[in-house]
Amino acid sequence: MAGMRLILVGPPGAGKGTQAPNIQKKYGIAHLATGDMLRSQVARQTELGKEAKKIMDQGGLVSDDIVTGMIKDEILNNPECKNGFILDGFPRTVVQAEKLTALLDELKLDLNTVLELQVDDELLVRRITGRLVHPGSGRSYHLEFNPPKVPMKDDVTGEPLIQRSDDNADALRKRLVTYHEQTTPVVEFYKKKGKWAAVDAAQKPEQVWEQIVAILEKAE
């Protein structure tokens, strides 16, 4: 089982946040999300973290080399990575994919697969714009898929529910256009390498999970 290394790709609302912990638990591997890695390096004041903080403080985007450096640091020093890892949020461009390939070659590691969670854009819009949250507890509901017993009221306290402002349809559609523009070339890059697998993420989470396990069993 040693060595399950995969990349998880999917648009906002596709369920990466649900499935990544499942994969992490089943295979005993590390979940490397770029945002978390950045925050951790900045908090620990590592050389990479200091460099990244300087750029972010100026409102810039952290370079691909810094992110690749952080991934290398995790692979070499994070004990959870000894069985493998899930990369989440990277690579987002073909240049990043090439840098990651070079890094894995340097470390003599293979990538098992790239899992793409696929969902129709309009279903994503319905999923995300229907989300309701109870601010006090963080309990979440959905207008269509998991409605509260009383409209717009929390089941437990009866307090009002809110919709998050960044969950509005226009903003989300823009994010999805950007996502597809960025991701399509990356997916093509891995398809050519024979490292890509599609998952129908429009299904219920349990069914998505079954499909993921079936793909990973083959990819071992």
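Cβ from N, Cα, C; glycine included.
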Site-mate of Gly13, Ala14, Gly15, Lys16, Gly17, Thr18, Ser140, Tyr141, Gln203 for ATP in Swiss-Prot, selected among Arg5, Arg131: Arg131
Among ranges 33-62, 63-92, whichever one Swiss-Prot labels region 'NMP': 33-62
Distance from Phe90 (AMP binding site) back to Gly15 (ATP binding site), taken between C-alpha atoms, in Å: 16
Cβ packing number for Val62 (AMP binding site), 10 Å threshold: 18
Inter-residue C-alpha distance, Arg164 (AMP binding site) and Arg131 (ATP binding site) (nearest angstrom): 8
